[in-house]
Amino acid sequence: MSLRKIIHVDCDCFYAAIEMRDDPRLAGRPMAVGGSPDHRGVIATCNYEARAYGVRSAMSSRHALKLCPDLLIVKPRFEAYREASREIHTIFRDYTELIEPLSLDEAYLDVSDSQWYSGSATRIAEDIRRRVARTLHITVSAGVAPNKFLAKIASDWRKPNGLFVITPNEVETFVAALPVARLHGVGKVTADKLTRLGIETCLHLREWSRLALVREFGSFGERLWGLARGIDERAVHNDSRRQSVSVENTYDTDLPDLASCLARLPELLDSLNERIARMDSSYRPDKPFVKVKFHDFSQTTMEQAGAGRDLESYRQLLGQAFARGGKPVRLLGVGVRLRDLRGAHEQLELFPPK
């Protein structure tokens, strides 16, 4: 089995965290993001105060209010969540391009070949958590392990706002005590069947031969045999093509005016050009853009087709973006949209010359 370094990052009650960040009045009271109880709405997520009452995701809003009469249910703002997710992925890409998103708030990262912190996956995970908290003012939990199966379990081990590491030497002991209900792919039906067979932990599961498990559970028995031993060879898949490359910085002190923002442009562009230089040849830089997040977390993005990637072009874009808010700035970003040359080539291949 190849030795890999996998991080699973999971935002803590993501939608609710964004709502509490943007409206501090929601913090400290039971709240949820979801649909109206009058229209058969469903809870998308809730904060930990609401979970203490038994409120859970996918529960009907009406039932949630019965459990917690003081529950405040707010409508989802998916664009705000998507934007936060994009910011988190921008942070991820500083450490690796091998990112497999599972949802807006959850992803696997393969940092096996990362040079950051001398290749320490634990320190990379710590840095990601620190940067997300500093930049987005929300918390994430992370798990570090030699494979995806264990990394996902690890990220849940010390939720919320926790980090748990399973080293290769700890795998056998850790997995042996693991309840089989925690195994990837084991739902209620399979868990109940395992219990009836007297299999409650992975140590019990190891007593069964591979053949016996296949006879009892079909092809899934093969996977159960491997998981009971901490084996999971699934790779971190990143099939999506990049749409842009960018760099951004959150400042410790808000930038008070346009002049102070413009003064930060050269260093941002230097970092952007370094990142562009590291891209593979299947991409070509296209439209430049700037991103401005104001002190109240409102934000805007300005881009222009046909503009250059020189300092003056970005100065003009930044001036237009700043004018939309005219308030102190907490974050500046610069980037460029990408043209996928590989995709264009493959599309042409579908229609060869006659």
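From the backbone N, Cα and C atoms, a Cβ is placed for every residue, glycine too.
According to Swiss-Prot, the protein carries these features:
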DOMAIN    6-187  domain 'UmuC'
BINDING   D10, D105  Mg(2+) binding site
SITE      Y15  site 'Substrate discrimination'
ACT_SITE  E106  active site
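When the neighbouring Cβ atoms lying within 10 Å are counted for each of the recorded positions (D105, E106), the highest count belongs to D105. On the 0 to 100 pLDDT scale, the domain 'UmuC' (6-187) averages 93 in the predicted structure.
In the three-state DSSP scheme, D105 (Mg(2+) binding site) falls into the coil class.
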